[in-house]
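**Student:** As annotated in TrEMBL:
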type	residues	note
REGION	1-21	region 'Disordered'
TRANSMEM	28-47	transmembrane segment
TRANSMEM	54-73	transmembrane segment
TRANSMEM	166-189	transmembrane segment
TRANSMEM	240-260	transmembrane segment
TRANSMEM	334-354	transmembrane segment
TRANSMEM	366-383	transmembrane segment
TRANSMEM	395-417	transmembrane segment
TRANSMEM	423-442	transmembrane segment
Amino acid sequence: METIETSRSSHELPVTTTDSSGPAAKKLTLVPLIFLIYFEVAGGPFGEEPAVQAAGPLLAILGFLIFPFIWSVPEALITAELSTAFPGNGGFVIWAHRAFGAFVGSMMGSLKYLSGVINVASFPVLCVTYLEKLFPVLESGWPRNVCIFASTVVLSFLNYTGLAIVGYAAVVLGLVSLSPFLIMSAMAIPKIKPHRWGSLGDKQKDWNLYFNTLFWNLNFWDNVSTLAGEVDNPQKTFPLALLVAVIFTCVAYLIPLLAVTGAVSVDQSRWETGFHAEAAEMIAGTWLKIWIEIGAVLSSIGLFEAQLSSSAYQLEGMAELGFLPKFFGVRSKWFNTPWVGILLSVLMSLGLSYMDFTDIISSANFLYTLGMYLEFASFLWLRKKLPELKRPYRVPLNIPGLVIMCLVPSAFLMLIIVFATKIVYLICGLMTVGSVGWYFLINYFREKKIFEFNQDVDHLDYVNEEQRPKHEEDHDS
């Protein structure tokens, strides 16, 4: 694999492109990108049910109505600006590195990657959770474990065949998996009693479950940034795709939630993951329940593919930037996909997929929270540090306005940390310490030349543009 450095303006990192002996990879266009973002974040209303169980219908509805404005929109705006300014497969790793240097870039990469593979692990579990309602044998024991393993392996191969294929598959999966919810919502209209929307529930609030459900269902907007190098005309495509995806995602959550909470009256404790299928049976019959369960399986496939793609291409981007050994960026000769990144991500997710589902999403949320603090800081510092940087899309706020925009979701992130359980603190604490150790281990490998690296990250690690060596300025010009 030959790495080629492309000249850019003096304010930008070199962007590396991969010259593979395999066929040229097709670029992602607008519609497939919209659905990939949709599956990075949501994949449908599957998994929103625990918000009702945790805090009742009113707070669940308010959460999915308000939370997108205090979290999803700011995160999507930041992603649009920085992905168009730095359109490489490193995504948020490039942003943190460009803002604060190699150590912070490495920490951002490690935290977001670990959060991503933990998230990947949750989707086969979610898939089996819906399947067990059709096939009770999958509720526990070896049949459940074998099903999780087999689905992970088979779906990983689809990812291996190429991002363009994954993108168009996401379009089909999205439309098919959402269609039964549209039918259920329409059939629920005559049965809706609006006063049910005002219920606060009849049990003590479970704030840990409530906030983690909202966060898990509406975060990961920035994960698509690691695919920026695979997008056709990213400067124009990214902002529009993110705008459409935010609206699409919010509507896809709210309409079924309003329909079911208004039309069905059941004990609050029944609102577990998968309850939408039971509600469909109450509203329309067994046929719609089966359709929604099939849709849940298809949605889990889309979620898995989108998240696995981001994780694999992130490793390739980090290898291109010199944060990881060069072999992490090796692409397949047949499909021109980063097979090493895919394989490593799948193996890690398999090991994590046998954790408790709530612990899986809580751990993913916790690590993602730490990464988001670094991302907000990087975004603000890049605005101050590089005011003249070409930004094809620019959030229309000055620095004080941007600080306020980032402070509101930052306060919510603190709730995720405060309400975490002991097992989540333990898992994430060990992973964070491991991320620090990984940075120094990689530096040791580089110094001792144990592995080959594309470039030395330190030669890009300057706090100010004036610190750049003269020969680099001449190269950029």
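From the backbone N, Cα and C atoms, a Cβ is placed for every residue, glycine too.
Quick one: how deep are these features, and who are their neighbours?
**Tutor:** Within the chain carrying the transmembrane segment (166-189), a Cβ under 8 angstroms from the stretch's Cβ atoms is held by residues 28-29, 31-33, 35-36, 38-39, 43-46, 158-159, 252, 255-256, 258-260, 262-264, 276, 279-280, 283-284, 288, 291-292, 295-296, 298-299, 301-302, 305-306, 309, all 6 or more beyond its ends.
Long-range Cβ contacts of the transmembrane segment (240-260) within its own chain (Cβ-Cβ under 8 Å, at least 6 residues beyond either end) map to 30, 33-34, 37-38, 41-42, 44-45, 48, 52, 60-61, 64-65, 68, 72-73, 76-77, 79-80, 178, 181-182, 184-185, 188-189, 192, 197, 217-218, 221, 224, 275-276, 279, 283.
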**Student:** How about the transmembrane segment (54-73) and the transmembrane segment (366-383): do they have 3 or more C-beta pairs under 8 A, pairs 6 or more apart in sequence?
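**Tutor:** They do not touch: fewer than three Cβ pairs between the two stretches lie under 8 Å.
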**Student:** So which residues does the transmembrane segment (28-47) touch in its own chain, when a touch means Cβ under 8 Å and the partner is 6 or more beyond its ends?
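**Tutor:** Distant contacts of the transmembrane segment (28-47): 72, 126, 130, 163-164, 166-168, 170-171, 173-174, 177-178, 181, 213, 216-221, 223-224, 227, 230-232, 237-238, 240-242, 244-245, 248-249, 252-253, 256-257, 273-274, 276, 295-296, 299-300, 302-303, 305-307, 309-310.
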**Student:** Take the transmembrane segment (395-417) and find every residue of the same chain, 6 or more past its ends, with a Cβ under 8 Å from one of its Cβ atoms.
**Tutor:** 67, 70-71, 74-75, 77-78, 80-81, 207, 211-212, 215, 365-366, 369, 372-373, 376, 379-380, 383-384
